[in-house]
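Engineer: Quick paste from TrEMBL:
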- 20-44: transmembrane segment (TRANSMEM)
- 202-221: transmembrane segment (TRANSMEM)
- 227-251: transmembrane segment (TRANSMEM)
- 277-296: transmembrane segment (TRANSMEM)
- 302-323: transmembrane segment (TRANSMEM)
- 330-353: transmembrane segment (TRANSMEM)
- 373-404: transmembrane segment (TRANSMEM)
- 526-547: transmembrane segment (TRANSMEM)
- 553-575: transmembrane segment (TRANSMEM)
Amino acid sequence: SSKREWKPLEDRSCTDIPWLLLFILFCVGMGFICGFSVATGAAARLVSGYDSYGNICGQRNAKLEAVPNSGMDHTHRKYVFFLDPCNLDLINRKIKSIALCVAACPRQELKTLSDVQKFADINGSALCTYNLKPSEYTTSSKSSVLCPKLPVPASAPIPFFHRCAPVNISCYAKFAEALITFVSDNSVLHRLISGVMTSKEIILGLCLLSLVLSMILMVIIRYISRVLVWILTILVILGSLGGTGVLWWLYAKQRRSPKETVIPEQLQIAEDNLRALLIYAISATVFTVILFLIMLVMRKRVALTIALFHVAGKVFIHLPLLVFQPFWTFFALVLFWVYWIMTLLFLGTTGSAVQNDQGFVEYKISGPLQYMWWYHVVGLIWISEFILACQQMTVAGAVVTYYFTRDKRNLPFTPILASVNRLIRYHLGTVAKGSFIITLVKIPRMILMYIHSQLKGKENACARCVLKSCICCLWCLEKCLNYLNQNAYTATAINSTNFCTSAKDAFIILVENALRVAAINTVGDFMLFLGKVLIVCSTGLAGIMLLNYQQDYTVWVLPLIIVCLFAFLVAHCFLSIYEMVVDVLFLCFAIDTKYNDGSPGREFYMDKVLMEFVENSRKAMKEAGKGGAADARELKPMLRKR
């Protein structure tokens with residue numbers, strides 16, 4: 001290595017500029033899709049709504065050729081009303097009902113045609129088709145077809161979208177019944193949904209509780225990391241020893257049992273059981289021995305995991321804004337998803353008016369433009385991954401700045417904002433390239449999953465096995481690339497190298513420190529997983545105590561499921577940041593021990609806790625007669641010689 005002092009974070013240059021330009025060009029294409037759908041009138045049709053004859057509600061319309069009831073003046077009819085709003089077509093994702101433009105939504109339930117006629121006379125809002133006058137509602141023989149299905153549920157306009165939506169949740173319960181096919185008793189589902197509605201305040205409070213518990217746990221892990229890791233290690237070893245001992249005890253007991261009392265028909269079954277117990281006991285013994293050997297080999301690496309967790313706790317003390325990083329990422333994702341869904345809805349209402357088999361009007365795009373939604377789907381995946389990658393790069397940059405600043409009093413006022421600034425100025429191209437690689441793997445997996453769902457029950461066993469194997473392999477590849485990308489972003493934050501160079505350097509150091517990486521990812525991830533389980537269980541227990549006032553225990557199920565899922569999501573968001581910090585610290589530690597040895601002019605950047613680990617490792621190596629060379633060989637360089 002170089003004799004002069006190695007100083008990280010010195011060189012700053014823009015990386016992967018062509019990929020940044022490509023990403024900007026792709027985003028321009030996404031904007032074109034949105035602009036095209038708005039310019040072709042889709043925005044008005046989406047927001048104001050249109051009836052089954054192609055008329056946009058709330059405005060004067062032009063006549064459509066060969067379409068009856070088109071070209072009407074709906075200036076005073078601003079709301080879309082469906083004659084049968086609960087008749088849902090889940091396959092085509094639409095309501096199978098005639099849509100009309102009306103002046104007002106029925107705020108109260110209308111049980112008879114007389115009530116419908118009275119509503120039209122009082123409010124001036126005709127709920128039957130246009131060619132049937134209100135005076136004919138009760139006398140016409142066609143009223144059963146041209147008027148809404150009775151009873152007409154009370155409805156209210158959806159804010160900003162001018163659709164009359166039923167107020168009663170029974171309609172939504174029927175929709176849920178169509179989706180959740182395993183519920184055989186519809187009344188149970190109705191009670192579940194009503195339980196959610198009546199317990200919404202409790203659900204909100206429990207969600208806030210999970211948020212507080214996650215933040216408290218992140219503080220606690222720092223102070224009990226040393227004890228917690230060893231407790232978990234001992235429990236795993238004792239559990240495997242206990243399970244193995246029980247299996248051998250059952251085998252011995254089964255073997256000593258007298259066979260004379262067993263009837264001939266049961267003798268073969270008893271022998272099979274004895275053979276199975278022997279196989280289980282031998283497998284458990286092999287597993288326990290391997291586990292014990294792994295623990296023996298990795299015991300020193302566990303000490304590194306403990307030290308990294310302790311330092312990670314200090315990072316959060318110096319960089320408290322890291323705790324809120326999931327919020328900003330989630331907020332950015334929500335904004336993008338809202339934009340994406342709005343554009344998708346625009347695409348669903350853009351195009352030319354076409355009559356369907358029933359003679360009603362639908363809007364469809366023809367020609368090459370009908371494939372724009374494919375581009376839109378790719379944009380959903382790439383930009384979502386880009387936002388997540390920006391979070392990883394931001395966290396990596398902040399932690400790298402913390403680690404390689406000797407005097408923590410000289411840290412930037414807000415290292416997170418400084419990291420965001422470096423990301424925007426230098427590394428957006430690297431993030432775009434890394435997120436695109438994940439997109440290339442994710443899209444084929446999603447296509448295969450779609451094919452598998454469409455062919456479910458139709459394909460043979462071989463095809464099903466091949467499909468599932470491909471999906472599994474792509475999933476594993478995606479997870480590996482995600483982990484490599486995260487470490488590549490750390491390398492970029494340190495060296496300001498492009499994505500491919502950073503990924504190669506990160507891969508080399510991960511391979512050459514495989515045992516330590518394995519220890520950090522097994523012990524560390526297991527600790528964090530137990531933390532997630534703890535938060536979910538605590539929130540669920542609080543939910544049971546708060547919901548105890550309801551004697552119908554069936555209605556507990558859905559609120560508790562919602563609360564527990566939210567608790568797991570919140571815990572995962574917070575603890576994944578903790579895990580990310582630990583991974584970044586490990587790479588920084590690996591480089592630090594290579595390029596510095598603690599001598600004057602080459603002092604370590606690391607925390608005192610990590611320095612104690614290095615000193616203990618050196619002492620252990622010297623006592624073993626190997627000196628300090630082995631430990632130095634274990635931590636290979638990530639940077640090229642300058």
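The backbone N, Cα and C atoms fix where each Cβ goes, and this holds for glycine too.
Owing to the predicted nature of the structure, the values given are computational and were not obtained by experimental measurement.
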Engineer: Most CB pairs under 8 Å with the transmembrane segment (227-251): which of 202-221, 277-296, 330-353, 373-404, 526-547?
Structural biologist: 277-296
Engineer: Decide whether the stretches the transmembrane segment (330-353) and the transmembrane segment (202-221) have at least 3 CB pairs under 8 angstroms, with pairs required to be 6 or more apart in sequence.
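Structural biologist: Between the transmembrane segment (202-221) and the transmembrane segment (330-353), which are separate recorded stretches, there is no contact, as judged by 3 or more close Cβ pairs.
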Engineer: If we skip the immediate neighbours and take only residues 6+ beyond the ends of the transmembrane segment (373-404), which ones have a Cβ under 8 Å from one of its Cβ atoms?
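Structural biologist: Apart from its flanks, the transmembrane segment (373-404) reaches 8-9, 23, 26-27, 29-30, 33, 315, 318-319, 322, 325-326, 328-329, 332-333, 336-337, 340, 343-344, 347, 411-412, 415-416, 418-420, 422-423, 427, 430-432, 434-436, 438-439, 442-443, 446, 485-486, 489-490, 492-494, 577, 580-581, 584-585, 588-589, 592, 605-606.
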Engineer: Near the transmembrane segment (526-547), which same-chain residues lie under 8 Å Cβ to Cβ, leaving out any that are not at least 6 residues past its ends?
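Structural biologist: Distant Cβ neighbours of the transmembrane segment (526-547) are 199, 202, 205-206, 209-210, 213-214, 217, 221, 225, 228-229, 232, 309, 556, 559-560, 563-564, 567-568, 570-572, 575-576, 578-579.
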